[in-house]
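K.L.:
Here it is, the structure, as structure tokens.
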Amino acid sequence: MLANLDRYKIVLASNSPRRKELMTGLGVDYVVKTLPDVDESYPDTLQGEEIPLFIAREKAAAYQSMIGPEELLITADTIVWHEGKALGKPVGRQDAIEMLRSLSGKSHQVITGVCLTTREWQKCFAAVTDVRFAILDEDEIAYYVDHYQPMDKAGSYGVQEWIGFVGVESISGSYFNVMGLPIQKLYRELKQL
């Protein structure tokens with residue numbers, strides 16, 4: 001379906017198993033390149049979708065010297081935006097528990113910034129999904145944190161895991177964005193290249 005991409009070697013710059021799964025599901029041939037320590041900090045003045053867009057651009061800049069002449073680099077960053085602040089990946093068990101407590105019974109936004117970068121140009125976009133959690137009790141939160149892998153996920157949860165099954169009341173927008181890559185929007189952007 002994306003024959004226009006034949007002129008590119010697609011490079012996904014991500015360690016995320018969910019992003020790899022989604023790219024594979026899209027049916028696009030790609031390779032993965034990762035750098036060990038890409039800085040994911042951002043200026044305190046940024047708000048909402050500005051944050052993951054900034055980080056996705058910074059990730060692309062870190063890979064700039066590695067981009068070959070025929071390569072199309074895909075970088076992305078996902079945050080949970082809740083009550084006026086960004087929730088990234090938790091720094092430990094207690095942080096994960098506190099994040100999930102703060103999301104319990106409330107709505108938040110999952111925002112992913114994506115950059116498509118070649119040696120000649122860059123196109124970036126963001127996707128926003130509204131998610132509402134049911135009220136989670138302390139046992140449910142502790143069970144999830146202790147039996148699943150919240151530490152590599154923005155907001156301390158994976159919608160495709162147990163917490164998503166029992167905790168997510170509603171989603172407005174892309175489910176796959178909540179997983180870490182707005183794959184439908186990415187497909188549309190790739191189709192226009």
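All positions are counted from 1 along the displayed chain.
Cβ atoms here come from the backbone N, Cα and C positions, even for glycine.
Positions annotated as site 'Important for substrate specificity' by Swiss-Prot: Arg18, Thr78, Gln160. The annotation active site, proton acceptor is assigned in Swiss-Prot to Asp77.
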K.L.:
Would you pick out, from the recorded positions Asp77, Thr78, Gln160, the residue whose Cβ has the largest number of other Cβ atoms within 10 Å?
P.N.:
Thr78
K.L.:
Of the recorded positions Arg18, Asp77, Thr78, which one has its Cα closest to the Cα of Gln160 (site 'Important for substrate specificity')?
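P.N.:
Out of the listed candidates, the nearest Cα belongs to Arg18.
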K.L.:
Using a Cβ cut-off under 8 Å and a sequence separation of 6 or more, which residues in the same chain sit near Arg18 (site 'Important for substrate specificity')?
P.N.:
Gly158, Gln160, Met179, Gly180, Leu181
K.L.:
Reduce the DSSP letter at Arg18 (site 'Important for substrate specificity') to three states and note it down.
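P.N.:
SS state of Arg18 (site 'Important for substrate specificity') = helix.
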